[in-house]
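Q: Sharing the features that Swiss-Prot gives for it:
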BINDING   ARG7, GLN8, SER9, TYR10, LYS65, TYR122, ARG126, SER130, ARG188, LEU189, HIS190  substrate binding site
BINDING   60-65, 75-76, 81-82, GLN104, 139-140, TRP182, ARG192  FMN binding site
Amino acid sequence: MSVSDLRQSYEKGVLVEEQAAASPFQQFARWFDEAVAARVPEPNAMTLATVNAEGQPSARIVLIKGYDDAGFVFFTNYESRKGLDLDANPRASLLFFWQPLERQVRIEGVIEKVSAAESDEYFHSRPLGSRLGAWASRQSQPITRDELEAREREFRDRYGEHPPRPPHWGGYRLKPNRFEFWQGRPSRLHDRLRYEPDGKQGWTIDRLSP
């Protein structure tokens, strides 16, 4: 079978303005809860797209660790490629794809670091191996497997079961200025609703052509 022959009909839901929440944060929470209830694998997995100072885009899967009306929070190494991208250009985009529900959510906005206290709280909730890994990994830098495991042993010997949060590791919050909710429909006539600020502490909702 050719790649061009692969196709699927989308028939699992609809998205209409009359049923959409007035707030995109409420609409996201509704869909996220439905993804969890449907046992979508890792419903908190999202694609994070960033752009560096030269305009070169890059994308990777990360896990959301919190969301509310202030934004969407994730944690990473500040010296990683995405961290360096965000230092140069704080504009970014998130994409959630819940394939079993034939839904995706795209969120655009500006990213800022969370407080040290918020980063500390989450870091100390992680399994020990993950905390030591944050020290061992010079994320995005070349390394051999033997070197990586030697660094993990080094920091395990140094900190035991109580490693502090590395200064190069912490959280970011994306503060949204645009949402798009996509629901697959038959004949590729998909539902797309875009939310943008209305300038009055609310949001406008527009239907986009599929």
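Including glycine, each Cβ sits where the backbone N, Cα and C put it.
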Q: Of the binding-site residues ILE64, SER140, ARG192, which one sits closest to ARG7 (substrate binding site) when you measure Cα to Cα?
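A: Smallest Cα separation from ARG7 (substrate binding site) among ILE64, SER140, ARG192: ARG192.
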Q: VAL62 (FMN binding site) has how many other Cβ neighbours within 10 Å of its own Cβ?
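A: So the number of other Cβ atoms within 10 Å of VAL62 (FMN binding site) is 17.
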Q: By CA distance, which of the binding-site residues (LYS65, ARG126, ARG188, HIS190) lies nearest to GLN104 (FMN binding site)?
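A: Comparing Cα positions, the candidate nearest GLN104 (FMN binding site) turns out to be HIS190.
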Q: Cα-Cα separation of ARG126 (substrate binding site) and PHE75 (FMN binding site), in Å?
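A: Computed Cα spacing between ARG126 (substrate binding site) and PHE75 (FMN binding site) is 11 Å.
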Q: By the DSSP assignment reduced to helix, strand and coil, which category contains ARG60 (FMN binding site)?
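A: Once the DSSP labels are grouped into three classes, ARG60 (FMN binding site) ends up as strand.
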Q: Report, in whole Å, the straight Cα-to-Cα distance of LYS65 (substrate binding site) from PHE75 (FMN binding site).
A: 8
Q: Among ARG7, GLN8, SER9, TYR10, LYS65, TYR122, ARG126, SER130, ARG188, LEU189, HIS190, which the record lists as binding substrate, how far apart in Å are the two most distant Cα atoms?
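A: The widest Cα-Cα gap among those binding residues is 43 Å.
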Q: Give me the Cα-Cα distance between SER140 (FMN binding site) and LYS65 (substrate binding site), rounded to a whole Å.
A: 21
Q: When neighbour density is defined as the number of other C-beta atoms within 10 angstroms of a residue's C-beta, which of the binding-site residues ARG60, ARG81, ARG188, HIS190 has the lowest density?
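A: Across ARG60, ARG81, ARG188, HIS190, these binding-site residues, the one with fewest Cβ atoms within 10 Å is ARG188.
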Q: Count, for each of the binding-site residues SER9, GLN104, SER140, the other C-beta atoms lying within 10 angstroms of its own C-beta, and report the residue with the smallest count.
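A: Result for the binding-site residues SER9, GLN104, SER140: minimum number of other Cβ atoms within 10 Å at SER9.
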